[in-house]
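Below is one structure, written out as structure tokens; comments come after it.
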């Protein structure tokens, strides 16, 4: 396969940028920060990297950048979500990223063709109305995607130069702006406040592994497709490490930006709460305007409650608990972190129109960059098998039609279903089979020789230990935990907004949604066993024909 005529990237830089543009997406901006918030912060290595001096480190550790010492979260220690995340990156993310690039570059085919070449049993098989504003934005996004991939890797290579770099420009601008906002370091300090108990929670490790798979794009076929357009002797080993570290660094960088702005939003809400309590106390007890400041509201509440218990009892039902930590805990989940929280924060900034335009252009480019990789994963195998010479337009139209379901009034609920169930199980399953097939069916010795033929040197012991033992074992444990947790978890639930209570509450999915979830789980992993059975049946059929032909020849 290595000698087939195939278009190549104009330069290795375009390949690296394509991988970065594909890997760095919306999950880096909203999923990683949310997981940090949910599982207790990312306080392992980052504080050292963030601190430009011992003085700054001391300030971060002791929380002296908070609005008030009593309002600061407790000092952080070296623990949190970054621990399982970095372990999964080293034990699974980088080794499997390396493996997929090696497969694509060696076979010079897309995912289906590459797996069929490795083994014939692995090929696989390819409520409410629509919100028209969102639908038009979806059409625009897919139109841009088609224009960027219409001429193959030549146009994609040029496009990713912009889609991979512009988001960093915007994030850097937001970082500078975020650090100048009041309360920014309260948010960053909160991000660095971990919960040690979360390390004993298996779901933390499941989320860390899934974030690695999602973020690096493992198991989707995009990396194999990208690598298939490389020169045969391209140094994909160095590029695999480089892209993996850039991707993870971007997640941490985006989290700093997110929590600096989130700290600003929480501080605004906290001060508004204090101001309401200050005005209430001034009016109720007829105090001088300057007698109560925001810093002394809590002390005055305690003092007045002790001094004038009867008068205080009359307004006790109107007293709110103003707590910066509670404001920081109320993070918007999932995409709400990117859209709701950022939007609210932008409204309180000077020149909100400028910041909103920059931010949503960045989100658009992050999404387009990821879609370029996903479409390449679909189109490349179709071109390899010469199904239709030009499939880009048809694939884009088909994906556009599928995406319209997410633009309906219930689109966010469908998004939640796909986010929770469409990829976690299937990615664990597919990547597990991927590493077992390459290591034990194709053979690690054979794979090692292929890499040596391309790079000029064999992979070192670290890579072989990861592929043969560590990665498969971790994937099996994670997969078993996911299956057991899903079975014992009872009826799947989602968060629905209760307009009467004014808050979100868990509700069970209706029966048709439960059936759809089951179908989603089965459909995402069924291609491998179904194709293996088909290939086995075809092989037996050919063996029978060969045996029948041999007997006919002997009898003649």
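Glycine is treated like the rest: Cβ placed from N, Cα and C.
Range with TrEMBL annotation transmembrane segment, chosen from 43-64, 241-262, 263-284, is 241-262. Between the listed ranges 161-185, 286-310, TrEMBL ties the annotation transmembrane segment to 161-185.
Between the transmembrane segment (394-415) and the listed ranges 161-185, 241-262, 357-382, 421-444, 509-537, the one holding the most Cβ pairs under 8 Å is 357-382. Among the recorded stretches 161-185, 357-382, 421-444, 465-489, the one sharing the largest number of Cβ pairs closer than 8 Å with the transmembrane segment (205-229) is 357-382.
Those same-chain residues not listed among 215, 247, 366, 370 yet with C-beta within 8 angstroms of the centroid of the Na(+) site C-beta atoms are 21, 22, 23, 24, 25, 26, 27, 28, 214, 217, 250, 369. In summary, the transmembrane segment (357-382) does not lie against the transmembrane segment (465-489): fewer than three C-beta pairs, each 6 or more positions apart in sequence, are under 8 Å.
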